[in-house]
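Database features, via Swiss-Prot:
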type	residues	note
SIGNAL	1-23	signal peptide
TOPO_DOM	24-239	topological domain 'Extracellular'
CARBOHYD	30	N-linked glycosylation site
CARBOHYD	39	N-linked glycosylation site
DOMAIN	46-132	domain 'Ig-like V-type'
CARBOHYD	86	N-linked glycosylation site
CARBOHYD	92	N-linked glycosylation site
DOMAIN	133-221	domain 'Ig-like C2-type'
CARBOHYD	189	N-linked glycosylation site
CARBOHYD	217	N-linked glycosylation site
TOPO_DOM	261-271	topological domain 'Cytoplasmic'
């Protein structure tokens, strides 16, 4: 199995998982359950509910539970629970929808409900016990599926766009053509729009745009119309209209003037 397909399979399993966290704590089917020892890189689809699990330590043995959250463009956030005083404390936690799954004295896991692009970052759960400290970290990468569009522009040029994907999608053409340009537009939320423009010879009737992305691949086809023409700009169209109207006005003016002078000459001859 290729690496991209393996990664897609992992993402699908994460987004559809109803497994329990390590330690025997059952999660509902509305959550994607993420579990591993140490530090892992974890891709997660946007708009799902994710649960990040603490190390599997019996709650009766814990002293303090701390979640450290480092997000892009945000100060470091800390969520802590102290068992002795049954107190919870938060520091610099401004991003919404990141909470304890339930009461931390019953479940020390963290939930993100639902995931969006602001939740990209590093999450570490630390459990302090009489036997030492245990931690589990997650490098969370939020994935956004791009919207794919394909259309024909001027002449016989096909344009394929993968709109607001995260990370940037890759575009290829079938059959292969001489790509005129590939542009990437970056947005503030971390998504990227990729636009590929490809001209084709007149004998090509149908072309296919293939978009590759970590969330899955997609292909669209379009039938090329060799007779399709579009004006260069609205200003050019306006100038053409004005030119036609002006020409018509001049013709009417000349005709009216000719008739007028003919009548004057006729009156002079009669007199």
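Cβ atoms here come from the backbone N, Cα and C positions, even for glycine.
Remark: residue 86 (N-linked glycosylation site) has 105 as non-local neighbours, by Cβ distance under 8 Å and separation of at least 6 in sequence.
Within the same chain, residues at least six positions away from residue 217 (N-linked glycosylation site) with a Cβ under 8 Å of its Cβ are 210, 211.
Model confidence over the topological domain 'Extracellular' (24-239) stands at 85, taken as the mean pLDDT rounded to a whole number. Same-chain residues at least 6 positions away in sequence with a Cβ under 8 Å from that of residue 189 (N-linked glycosylation site) are, in sequence order, 117, 118. Cβ neighbour count for residue 39 (N-linked glycosylation site): 13 (other Cβ atoms within 10 Å of its Cβ, all protein chains included). Long-range C-beta contacts of residue 92 (N-linked glycosylation site), restricted to its own chain and to partners at least six residues apart, with a cutoff below 8 Å, comprise 74, 75, 76, 77, 78.
Residue 39 (N-linked glycosylation site) falls within a strand segment according to DSSP.
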